[in-house]
């Protein structure tokens, strides 16, 4: 018995996970692609009706909510990523020194990203509350007029991007810190021999060596930011109006509020391909930065 | 290692300031959870006020939070255990037999939007009468946890020298015996990291539970989200609920931050 297991160990060890992946990932994805060619509202009286590419046509050419949601998804991702990458790298460089309380600071810095997104989203809702929130009290003390924050269609999405930035800047910082500690000190010694100042040190030595690490961090973050659901749904459910409705939210609303399952599947197929496309582009870019070193 | 830079007074102030900004929302949440609705509504009592425990009483009393804590715990715990049972042997086989393609499939699972699975799951679980069951929640949460476990464990197993297995076999151990008795204890740090991550990801999960849970299996994120459906938001109770959800995770993170750091940065940093 033991011998038989040993001979087929590879198969036995992989089998449960493969079954799980097939049943819970491959099959559902295939089913979603299949359903995207049907019209169905999950009614047992009306079976799914084959409509071929009609769902996609309607989505791309006749749906007033699809393209705005598409652009919002990218606007949100770009906004959040620019903020958190710049801040994250800057804070990593600030933290990359020996100081008392170093460990404590790192630990405290970890907390935003492990905290439950729905819960912190609702805490930020109180902070952004126009009449009683801390955000406006703070602006007031600086002599700036109160803002509407997530209550206004223009500011709602940037406000949520701010919360995403608060939650995920620490991840960029921690990854960058790990990258910084892996740069060999010989590079800096060589630069010192050439008489480099600290500005040149950063741009000519640290930054190029750090670039692949930053790309990895950005890749992980883009994959998650583009799919951001918890914060948006908890804080605004896509409102006010449709001003924070990203593709993920639009898909969810169509599927589980309107129960347009075929149409939703078409949205999800497009969304799925967009996410896959963006991820591959960043992975290719990351490879390029490694080669030029 | 680079020679540590001299720390100026300015740097120190900046570091403290940045840290304070990032933990401010937690402080604000904690303070507000001890305030009455009137105290939250008035802006003059920001820091000095008579604290009240009413919010916590109401969260545990009329809002039944103990049930949701138990639900969340069961789902997170069981999905992590099953994730380990499936993931550890798989990660070992991928590392030992160089099954990179399977590793790639795991990466895909991390990239694909979770919502792409939800329509089929919803249809299937409804047909099987499994909505509002722990089974559906555990299975869906495993989908988040399992890729993380495999992803973290592959490099851990790759880091072990092959001679270990040979030595165990000389001692009369089968390969599966060596895996359990020799290899698993050696990758314990990886197992701790990946189970913590799997637990936290399940504890925090909102979207899957939003569709698949019901009255019987409602988890904490859904319970707190339901506060928003009242016409007037009870901010104090909402903040108390937020404290209850985030507290266990914050405590875990404070004690084992080393593991959490390697968990959240997994995949971006080699080694």
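Backbone N, Cα and C define each Cβ position, glycine as well.
Sequence annotations record features per position, and here TrEMBL assigns domain 'ABC transmembrane type-1' to B:69-256.
Residues 47, 239, 242-243, 246, 250 of the same chain sit 6 or more residues outside the transmembrane segment (B:12-31) yet have a Cβ under 8 Å from a Cβ within it. Per TrEMBL, the feature transmembrane segment maps to B:12-31 (among others).
What TrEMBL records for B:65-95 (among others) is transmembrane segment.
According to TrEMBL, the feature transmembrane segment maps to B:102-124 (among others). Residues 90, 94, 131, 136, 140, 143-144, 146-148, 150-151, 154, 207-208, 211-212, 267 of the same chain, all 6+ positions outside the transmembrane segment (B:102-124), place their C-beta atoms under 8 angstroms from a C-beta of that stretch.
Remote same-chain partners of the transmembrane segment (B:136-157), defined as residues 6 or more beyond its termini with a Cβ less than 8 Å from a stretch Cβ, comprise 75-76, 78-80, 82-84, 86-88, 90-92, 94-96, 103, 106-107, 109-110, 114, 117, 121, 125, 130, 183, 187, 189-191, 193-195, 197-199, 201-202, 205, 208-209, 212-213, 217, 219, 262-263, 266-267, 270-271. Residues annotated as transmembrane segment in TrEMBL: B:136-157 (among others).
As annotated by TrEMBL, transmembrane segment applies to B:178-203 (among others).
Among the features that TrEMBL reports, transmembrane segment is placed at B:235-256 (among others).
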